[in-house]
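S.K.: Below: one structure in structure tokens.
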Ligand SMILES: NC(=O)C1=CN([C@@H]2O[C@H](COP(=O)(O)OP(=O)(O)OC[C@H]3O[C@@H](n4cnc5c(N)ncnc54)[C@H](O)[C@@H]3O)[C@@H](O)[C@H]2O)[C@@H](O)CC1
Ligand SMILES: [K+]
């Protein structure tokens, strides 16, 4: 399982490797530079043609040190290399200084100026080694150069390789560190390929990270895997063994999910969720319908059962059946029904997914919702819904982050989980899932797992249903949310272009087969 690290984690891993004599800083830097060159050769094998020209931009720290290694190695491969550097040689940290001096034995270092325009030089490659995990404030005075690089890159030349991280991007949040009023494109360099070291960082996966990194390679620089133990946040993945069913099991062994619908004309979202719960493997799924919508829903369902739930009292009596072990409220529920049904559902103490209306109906009084939430509850907001329930936690995500490490979506989800007492799944291409105790997972549909067709109406309802189905099957809360988000994205990827929400549950059998379930 891949774990995403913070900059602090990485510094600790590097420090312990040096203290334990695993490698010196100079060795790590040499390997880092070498891995970058290997990765760009593997990415662009056509780099073997003659007239290869690179501009290497080197910053004032160890990221810049890696850049001086890359410059030396590219020169050794016959490239024509120009180096533009920040800071004076004697001010650089020791390993970076040594590598700059080694480069100075080969060529010059032009002081980096914001007036540099790469369009005039027409290089094949720009190596961005300005800032990596040490970025703490907006990059100053280089906006014009960054815009120039972006404009040239948009025309197809040069290619841009980022060393460790695109400069300007915050390693812990994936947000561009920038002054209020500036655009991300003038505060960070978008790359075609990003080569990071040892393990990916949170910033490669969260927020703007993937769009600035484009392609991500995590290269081995000889740090021990054990050094990472206990560090980082795992990327969600599905475990075939956990998803498989026992051949001897009865339908009730796989739980009974109850999904509550809205009134007449508003039942589609809950039916989508119910179908998701059934395909995720719940033994039985029942939809709870108000009298006004009973006929409409009955006409649409076959394997899914139906029971009448008009108000809180009826819900309480339905829930006397303790075999109903997972509940889903929100999709299409309608605000009036939310206020009547959510408190009863939550107090029943079952695994409970609250989505859509079940969240926004508490906009005026989130504390009223949080008061009864328990560890079996999962809130599944997208950013708009999150802002309504947790406006103070959403605010720093909307403002330009002027210093690093910046508040991340993970920080916000963790704080929301702690406050609400429920697991919070904050939806996006970088879905973050946090439980009240601080445990977290990231279910990212980015890079080779991108699922752009998921951004369509009704897909969130299916996600709520899949998670409810997994809760019914007995998955622990965080695991249900993380596995549900993973399966949901895999179903979207498997179906591909043209996907609509109805396709997601029907794609799950193929996802299970591909996972070896
Ligand atoms: N940690 C590790 O295990 C390894 C780190 N390496 C490289 O070292 C990098 C981290 O190096 P550093 O910690 O020196 O940090 P950086 O090289 O990212 O930044 C250099 C320094 O610039 C200053 N700074 C921050 N924001 C600034 C801004 N906006 N304008 C001007 N100065 C600013 C800070 O004092 C910072 O320490 C990694 O990204 C990676 O490229 C590699 O050499 C290999 C191993
Ligand atoms: K960089």
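Note that Cβ sites are derived from N, Cα and C of the backbone, with glycine treated the same way.
Unlike curated entries, TrEMBL annotations are predicted automatically.
Checked TrEMBL, it gives:
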- 62-66, 132-138, 164, 269, 332, 382, 461: (6S)-NADPHX binding site (BINDING)
- 63, 128, 167: K(+) binding site (BINDING)
- 427, 428, 429, 430, 431, 460: AMP binding site (BINDING)
- 10-229: domain 'YjeF N-terminal' (DOMAIN)
- 234-515: domain 'YjeF C-terminal' (DOMAIN)
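Quick one: where do these features end up spatially?
M.R.: In the three-state DSSP classification, residue 63 (K(+) binding site) falls within a helix. Proximity of residue 63 (K(+) binding site) to non-local residues of its own chain (separation of 6 or more, Cβ distance below 8 Å) is seen for 129, 130, 131, 132, 133, 134, 163, 164, 165, 167, given in sequence order.
Classification of residue 128 (K(+) binding site) by DSSP places it within a strand. Under a cutoff of 8 A between CB atoms, and with a sequence separation of 6+ in the same chain, the neighbours of residue 128 (K(+) binding site) are 57, 160, 161, 162, 163, 166, 167, 189, 191.
Listed in sequence order, 382, 383, 409 are the same-chain residues six or more apart from residue 428 (AMP binding site) with CB atoms under 8 A from its CB.
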S.K.: What kind of secondary structure is residue 164 ((6S)-NADPHX binding site) part of, going by DSSP in three states?
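M.R.: For residue 164 ((6S)-NADPHX binding site) - judged by DSSP and reduced to three states - the answer is coil.
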S.K.: I'd like to know which of the binding-site residues listed (65, 167, 428) lie near ligand 2, counting only a CB under 6 Å away.
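M.R.: Among the binding-site residues listed, those whose Cβ sits under 6 Å from ligand 2 are 167.
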S.K.: In sequence order, which same-chain residues at least six apart have a C-beta under 8 angstroms from residue 427 (AMP binding site)?
M.R.: 380, 381, 382, 383, 460, 463
S.K.: Beyond the listed site residues 427, 428, 429, 430, 431, 460, identify every same-chain residue whose Cβ lies within 8 Å of the center of their Cβ atoms for the AMP site.
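M.R.: Sorted by sequence, the hits are 382, 426, 432, 443, 445, 485.
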S.K.: Of 62, 136, 431, the binding-site residues listed, which put a C-beta under 6 Å from ligand 1? Please answer none if none do.
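M.R.: The binding-site residues passing the 6 Å Cβ test are 62, 136.
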S.K.: Find the one among the binding-site residues 429, 430, 431 whose C-alpha lies closest to that of residue 136 ((6S)-NADPHX binding site).
M.R.: 430
S.K.: Expressed to the nearest Å, what is the distance separating residue 65 ((6S)-NADPHX binding site) and residue 429 (AMP binding site) at their Cα atoms?
M.R.: 33
S.K.: Where residue 62 ((6S)-NADPHX binding site) and residue 430 (AMP binding site) are concerned, what is their Cα separation in Å, rounded?
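M.R.: That separation, Cα to Cα, works out to 29 Å.
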